[in-house]
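Peer 1: TrEMBL lists 12-29, 49-69, 178-195 with the feature transmembrane segment.
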Amino acid sequence: MDRLHKALDFCIRHQTILGYSIVSLLTAASEHIFSSVVFKCPCNSKNMLYGSVFLIVPAFILFLLGYMVNARTWRLLTGSCPPEKRCSCSPWGVCARYGLVLLPVTAKASVAPLTWIAVALLRASFYECAASGSSLIKNLVCKDRQECHNLMVKLPCNEKLSEKISSEFLALQAQSQLIGWFLIASIMTVALISTCISRCCSPVSYLQLKFWKIYLKKEQELFEIKAKEHATRLAEINMNCFFEATDPAPFQTPSNEDWRKVSFLYTFNSQEQYYSMIHKYINTNRGNSIRFGEGDQNPPGLGFVDEVNASESGF
């Protein structure tokens, strides 16, 4: 039992890294299935198109899915252009406003597509097919030899043809693997540098950041409990009034304006210690104080505030 608790604690502490690892493993498994079962290089003039589609299109789809399943995307967009402000709501204005905030979302959405491309390059099937149909590669390897051009497109279907084409030219499979390792090394380097910059720019210390995350988790747990109790009580009152044909008793529930205020993007102010929008709302006279609208731009290291609230809510 003690080992189970330790395992659970480990998973909770490293849930972000474990989540990325699971996504990467699932993506790698999917790529293996596609390259082994679905992918069949035509070995003709369509090699370039066919190989490129299998290399790039699934990665693009995974990138879009990454945006769709990220809770912060919908927290940013929900209510951005309400009907009463639709005429004055410019798509370009919304993009400019949220561009910086969406950078971490883009980084997370890129995990699966970059994994797909890296694994596909290491396996080399897609690249070999696409490169064998590339006019650039053909001209580089074959020069002006037309027979070599014809053999190149058949290379993915017959590896022995590589001996007849060029002994000096690096094999397409080796090229693909080198590019794959370079991509992986670049991704890891960028990830490490961006994480270091994000932590260095954090306006709070390590232990306060840890306390902050604990507070957000507990606040969201209590919000779920209270919201269910409140919604259940309101539903009971309405059902009783409907079936018993009576008038409802007064029942206090947050107004649309209250919900809108606590749904704002979190902004950090170094002069105040608010750990969430609800915390700020309560301590600024229910959002009526001028201090409620004050705040600096959300620092990259504090993007977790909106993410925790949204992900725990299931949106």
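Backbone N, Cα and C define each Cβ position, glycine as well.
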Peer 1: Which bits of the chain, at least 6 residues beyond where the transmembrane segment (178-195) starts or stops, bring a Cβ under 8 A of a Cβ in it?
Peer 2: 107, 114, 117-122, 124, 127
Peer 1: Let me spell it out: take the transmembrane segment (49-69), skip the flanking residues so only those 6+ beyond its ends count, and list any with a Cβ under 8 Å from a Cβ in it.
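Peer 2: For the transmembrane segment (49-69), the list is 27, 30-31, 34-35, 39, 41-42, 105-106, 108-114, 116-117, 120-121, 126-133.
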